[in-house]
């Protein structure tokens with residue numbers, strides 16, 4: 001019985017058209033590309049699309065700063081992004097832009113359907129307005145003093161120091177981050193998407209069993225906190241699409257951005273005669289998968305499926321989220337030269353090296369991946385050069401010189417060949433489930449067996465003995481056959497190396513012919529397949545990255561007033577009485593669990609043991625601790641009698657104490673050995 005090919009549409013999250021592609025982006029695009037290439041090898045009908053996310057206030061302001069139009073800015077960004085993705089052999093069928101006619105039409109259509117179905121509400125809201133720039137200010141473009149802890153220079157939506165969330169109008173001494181002027185309050189009518197109306201559907205979708213467990217668990221927390229109506233409009237001036245029938249109102253970038261998936265596919269359909277509705281219509285039997293980072297799970301697991309449901313389109317089959325990239329155990333850093341742009345990497349290192357390294361560490365869970373530079377060099381050279389490519393080179397010479405490049409007519413060890421090909425379905429299952437680390441581990445175990453076989457047979461010894469020509473040909477042919485099987489398994493990960501291997505083998509590497517040996521087959525002359533990775537190449541990438549950002553900082557200093565340096569020590573606050581201090585109940589707490597809040601750039605969620613009970617506390621120290629799980633088991637100091645605060649992501653039942661100026665410059669306070677959970681700090 002022949003199985004019908006699956007119909008699959010795959011997307012990656014849309015890179016923002018206001019910056020360069022870096023190695024953090026590449027994790028997702030390599031992960032998706034490996035999966036797509038595997039599906040193609042399996043004979044499935046698959047389309048792979050992406051686009052630039054090209055709207056929003058930051059793009060409008062950056063273009064103005066550069067003295068160009070937003071259209072010019074996003075055109076250059078798109079060209080740069082396409083170049084970088086091509087450099088890493090990302091095999092998109094289409095790469096488009098959200099600033100397109102297809103996206104404009106689809107966004108208007110979906111909005112009108114949502115409105116007709118009663119899912120769009122309107123209400124007048126008060127916002128901060130920059131009178132100098134004549135524009136309403138998004139939360140992130142307002143700064144001031146936190147109304148809760150009085151920390152200065154905080155954003156308009158939440159405090160990095162105490163993790164409080166608030167309205168921009170609650171800020172003390174607010175100022176526009178665009179012009180520096182003091183904003184005024186103005187009213188404006190805004191449009192809202194009625195997300196709570198879809199809670200039942202979203203809960204059912206969550207329980208379907210297809211979502212990653214981490215996403216399903218996080219969605220349950222959001223349900224418990226209560227879904228809120230979503231503001232989908234922005235006031236002029238704004239770079240984006242105008243809302244039909246609403247003068248000077250524009251769609252918020254996060255409304256039209258995911259519709260960009262549909263628009264990019266629509267563009268491909270129009271060009272190649274593909275049936276758009278076959279993949280997007282309600283009830284479609286096609287599969288739809290979104291590969292995304294953990295920071296945008298909120299939009300893709302709540303707003304996006306609800307928008308599709310409300311406008312009569314199908315929902316995603318699944319959303320595959322991944323973690324962040326760290327370098328040498330720390331957050332990517334511009335000053336240390338580890339915030340590596342894709343173009344900088346490509347100037348010095350083969351992209352296949354990174355594809356392999358990421359694949360060797362990627363799994364199906366939402367975990368951060370550490371790009372360890374020393375381990376990178378060692379793993380690439382050990383696995384690809386010393387083991388895999390060496391298997392071909394150490395046998396190809398004998399076949400070429402002694403047998404006119406012709407392989408033997410039969411297998412020297414049929415049972416060993418069968419052992420290798422028997423792993424095809426298990427390795428396929430690992431690729432299918434995105435457990436690439438397990439696939440690589442299995443493939444490398446086979447590679448070790450292949451090299452052990454050659455070591456034991458020692459063709460270099462056989463070659464010196466008369467009358468053993470047939471044995472020499474059989475052994476070396478067996479080595480080449482095993483290399484062919486291994487390269488077939490690695491083709492989704494190393495497409496360019498696979499191309500060179502196919503040229504040498506003069507045979508296509510396909511999943512459906514893995515079991516068919518190249519008996520009596522003639523090889524092409526062997527050429528070097530892969531070069532060793534040298535430490536000096538890594539050093540060159542790091543140094544170029546440092547120089548790149550040093551030059552950018554120097555240019556910024558010429559165009560912007562240098563900010564006043566922070567004093568070495570913050571001034572002492574106003575005097576309080578002993579009675580004031582006595583009101584604080586500070587306790588030692590043990591961290592039972594600590595995790596990042598995916599939809600927040602600042603917050604970590606702590607589960608704390610206070611001796612006789614546990615509490616949940618949110619703390620805005622995410623930038624300082626990019627491996628929150630390492631805080632588990634540690635003792636911290638907290639204010640235990642602070643009134644609970646209901647936040648967007650749950651209730652925070654206290655405040656964890658830390659020292660520093662904010663951002664990555666924060667350090668948790670701890671106690672000496674011997675303390676126990678619940679002890680009072682005196």
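Positions of Cβ are set from backbone N, Cα and C atoms, glycine also.
Annotated in Swiss-Prot:
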MOTIF     15-25  motif ''HIGH' region'
BINDING   146, 149, 159, 162  Zn(2+) binding site
MOTIF     331-335  motif ''KMSKS' region'
BINDING   334  ATP binding site
DOMAIN    580-682  domain 'tRNA-binding'
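Reduced to three states, the DSSP call for residue 159 (Zn(2+) binding site) is coil. Confidence in the motif ''HIGH' region' (15-25), given as mean pLDDT, stands at 96. Long-range contacts of the motif ''KMSKS' region' (331-335) within its own chain (CB-CB distance under 8 A, at least 6 residues past either end) are made by residues 22-24, 325, 545-546, 549, 623, 626, 664. The binding-site residues considered are 146, 149; of these, 149 has the fewest other C-beta atoms within 10 angstroms of its C-beta. Ranked by CA distance from residue 334 (ATP binding site), the binding-site residues 146, 149, 159, 162 have 159 at the top as the closest. The number of other CB atoms found within 10 A of the CB of residue 334 (ATP binding site), across every protein chain shown, is 15. Residue 162 (Zn(2+) binding site) has a Cβ environment of 22 other Cβ atoms inside 10 Å. When DSSP labels each residue, the domain 'tRNA-binding' (580-682) comes out as 7 helix, 46 strand, 50 coil, counted as helix, strand and coil in that order.
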